[in-house]
Amino acid sequence: MDPQCTMGLSNILFVMAFLLSGAAPLKIQAYFNETADLPCQFANSQNQSLSELVVFWQDQENLVLNEVYLGKEKFDSVHSKYMGRTSFDSDSWTLRLHNLQIKDKGLYQCIIHHKKPTGMIRIHQMNSELSVLANFSQPEIVPISNITENVYINLTCSSIHGYPEPKKMSVLLRTKNSTIEYDGVMQKSQDNVTELYDVSISLSVSFPDVTSNMTIFCILETDKTRLLSSPFSIELEDPQPPPDHIPWITAVLPTVIICVMVFCLILWKWKKKKRPRNSYKCGTNTMEREESEQTKKREKIHIPERSDEAQRVFKSSKTSSCDKSDTCF
C-alpha cells in the first residue's frame, strides 16, 4: 500500500478516536522556542505503581513522543523529531515538550495501559490540543521619503517573527483636532523552516491639518493581542509669511530722522562759527580800502603843497644866488 495513503488513514483513525472518546480535548497554548506541558491527568485511584504501567504520548500522526515502560523510559519507539526534547514528571503525570516549533501544534494523546499477565489493558486516555504562538516584534515605522510640501509622507510599517498570521495592520494619525486610521494592504512572508511570519504595509499618509504637529502610530492586530509602535512625531514647518516692510520702516525711520537732525545741527553750528570770521574779514577789508583811499587822497593833496614849497624854496634860493652873483637869467 502507498505510504502516503497509510499515513492519511492513520490520521483519520486518530481523529475518529478523538471524536469517539467523547471528551473534548484540553486546549493548551505555549510559545515558540519555549516548553509546553502535556498533562495526562491520571487520578490513579487504585494507587498503581509505574512499574505496573505503560505510559506514552503520541501526536496526531501516531508518532511517539515519550514512553515509560514499567517505570523506565524507553527510547526505542520515540520518533527522531522528539528525541531529546521531552521530559516526564511522574508526580504530576505530565510530559514537557521543550524547544517548541510551530509545526508542533496539533492534537496529542496520553495513553496508559495496565500490564497484566494476560496482556495490556487501557485504563486511561487524555486528549490535548496544542497551539503554538510567537509574539510579533513591536511594529516599527520607517519613512521612505521626506515630507512633501507639508502635505503627505510615504512610510513603511513592519513587524517580524510572529505566528499565527495577524488579522490587520494599519496606521493611526493623530493631530490636535482629529484621529484618522489608514488601512493598508498587508504584505506577508513566511519562513520555510520556522514558519514564522514577517508582515509590513506601505502607505502614503496625507496630512489633514498642515498647521499642527502630528503623531503617527502603527497598529498590528492578532487574535490575542494589539501591538502599537513607538510614536513617530512630525513637526511641520510653519509657512513663511510674505515679508512685512512696515516693521522695517518703523525701525529704520527714527534712525534716519535722528541722523538728519544731527547733520543739520552740526551744519548749523559750523555756519554759525564761520559767519563772524567772514564779517570780520569783510570789515577789515573795508577799513583797509577806506584807509587806502584816504591815503591816496592825502597823497594827492600833499604832493602839490610840497611842490609849491619846493618852488618857493627854489625861487628863494635862486633869488639869493642872483643877488650874490648879480647874474640872473
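Think of each number as a place in line: the chain as shown, counted from 1.
Glycine residues also receive a Cβ, built from the backbone N, Cα and C atoms like all the rest.
Feature annotation from Swiss-Prot assigns compositional bias 'Basic and acidic residues' to 287-312. Look at Swiss-Prot and you will find C40-C110, C157-C218 tagged as disulfide bond. The domain 'Ig-like V-type' annotation in Swiss-Prot covers 33-131. Among the features that Swiss-Prot reports, N-linked glycosylation site is placed at N33, N47, N135, N146, N154, N177, N192, N213. What Swiss-Prot lists as topological domain 'Extracellular' is 24-247, and the listing cites sequence analysis. Annotation comment: Swiss-Prot describes 248-268 as transmembrane segment, evidence class sequence analysis.
This view paints the features noted in Swiss-Prot onto the structure.
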residue : record                      : contacts (Cβ under 8 Å, 6+ apart)
N33     : N-linked glycosylation site : N99, L100, Q101
C40     : disulfide bond              : V55, W57, W93, T94, L95, C110, I112, H124, M126
N135    : N-linked glycosylation site : Y31, G162, T225
N146    : N-linked glycosylation site : I153
N154    : N-linked glycosylation site : P143, I144, S145, S202, L203, S204, V205
C157    : disulfide bond              : P139, E140, I141, V142, M169, V171, G184, S200, I201, L203, C218, S229
N192    : N-linked glycosylation site : none
Which residue among the glycosylation sites N47, N177, N213 has the fewest other Cβ atoms within 10 Å of its Cβ, if you could check?
N47
Including all protein chains shown, what's the count of other C-beta atoms within 10 A of the C-beta of C110 (disulfide bond)?
24
Could you measure between N47 (N-linked glycosylation site) and N213 (N-linked glycosylation site) for me? Cα positions, answer in whole angstrom.
72
The domain 'Ig-like V-type' (33-131), counted residue by residue under DSSP: helix, strand, coil
9 helix, 52 strand, 38 coil
Cβ atoms near C218 (disulfide bond) (within 10 Å, other residues, all chains):
28
In this predicted model, the topological domain 'Extracellular' (24-247) has a mean pLDDT of 91
What kind of secondary structure is C157 (disulfide bond) part of, going by DSSP in three states?
strand
